[in-house]
Amino acid sequence: MAFDSFSAFLAMEGHGPYVWTCYAVFVVFVAGMMFWSARRNRAVIEGCKRRFEQQQGTSGQDVRQKASATFTRVEVSQD
Amino acid sequence: MHPIRKKRLTIVVFLMAGIAIAVGLTTYALRQNINLFYDPTQIAAGEAPTDVRIRAGGMVEEGSVQRESDSLKVQFRVTDYSASVPVQYDGILPDLFAEGQGVVAMGRLNSEGLFVADQVLAKHDENYMPPEVADSLERAEKSRADAEKAAQSASY
Amino acid sequence: MWQFFHKLGSPKWFYGIATRFMPWLLVAGLMLLLAGLVWGLAFAPKDYLQGNSYRIIFIHVPTAFLAQSMYIMMAAAGVVTLVWRMKLADVFVKAVAPVGLVFTFLSLFTGAVWGKPTWGTWWIWDARLTSMLILLFLYGGVIALDRAINDEKSAARAVAVLVLVGVVNIPIIKYSVEWWNTLHQPATLKLTEEPSMPTEMLVPLLLSIAGLYLLFGWLACLRMKTEILVREQRTRWVKDMIMAGGR
């Protein structure tokens, strides 16, 4: 450990605010980007799944029950 | 490779070569504007305009820093080891400011060749090392200089 | 070699490979990055001149490095789009451009926060900082141009041309500190020479670069998979895969 105590680690001899701001912003942006990318991926998969199920529904027997699913269908943005 | 693809590839290569040449020539023509500062040699040669806000950069000459005791006013010389320029500054210096360290000063060159700065920034190099290593390097440097001096006096 | 190249153009083939590699990329990337950052923050010795503020280097250099190498990869993909009309190359450019924007922003931001205590200023219009800002605008331009054109094929070509035009900025960023005088110092890590850093600082830096590189690989795979799904949602293989519970 390059520091004597935890408070010295936080203070970083006066450079603490600079160093910790950088690390915090870095972690927030990288974690945020990972999270949003994963979320959008899941949303697209769910959207496709719902559409495929609905297609199967309309071509199959249980038309009335599946038709209500169109209202809850999530339109996934293309961007 | 398919002839159409070969043709497209040639176009892409020519496009990029053209852009590279154009940008290269432009940046070469503008090099004095892209340079952040004038170095002391250029200032000594009279290349820098006087009474216009410019930047001067180089190393703070060892032993040249004179601080006034009753104000923040400070005078030092900036050198690139072939020429040097006197700089006057009134304000708070950055933490890294020290003799032998790099600086970039912003201000005006007056007609007597004195550079009156209104902002001084510290410039550091790309070398990083722990303090102990820096200390031992400095000690080694000093003992080498001492040994040289001793050898010189012994030869007389 | 050409066979592999053409196989790579198949979105289905890529989708399978990406799914297989992604867990490894994520785990290895997170571990390396965490190791590098903790080592750099708490265990690496402080610098003789800058003290502890230099610890910002362990995120500043990896993000700047990634931002530039991602642009080079995008340019290579741009050539593939223009010459071979391979869809996957365009998918890559679209998936990666926002990541590049974020990394460029992070390197500029950390650089500014680092510059304040060491140089005495947040920002200066020297060649290195300005060319890096241009890179940020290039990434933004790529994203904006792609969104502005509705037709997929024309968007792909326009974006590829913009990426290729902008690639001249990369050598300018790299050599700006040598061709012109700047406030920014020259590179610490060099390709041909010894790095100007002792091992106990160099190892955490290399660890975090490697970790961020792998994390970028994970992000690129994930985002490319999303883009492939959006584009190929009407195809048979997507339907079969999703109905079989595939991810």
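Cβ atoms are placed via backbone N, Cα and C, with glycine included.
Copied over from TrEMBL:
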- C:17-184: domain 'Cytochrome c assembly protein' (DOMAIN)
- C:21-44: transmembrane segment (TRANSMEM)
- C:56-84: transmembrane segment (TRANSMEM)
- C:91-115: transmembrane segment (TRANSMEM)
- C:127-146: transmembrane segment (TRANSMEM)
- C:158-177: transmembrane segment (TRANSMEM)
- C:201-222: transmembrane segment (TRANSMEM)
Exercise for the section: Determine whether the transmembrane segment (C:21-44) and the transmembrane segment (C:201-222) share at least three Cβ pairs under 8 Å, counting only pairs 6 or more apart in sequence. Expected result: yes
Completion exercise
Among C:127-146, C:158-177, C:201-222, the most Cβ pairs under 8 Å with the transmembrane segment (C:56-84) come from C:158-177
Exercise for the section: Restricting attention to the domain 'Cytochrome c assembly protein' (C:17-184), give the mean pLDDT. Expected result: 94
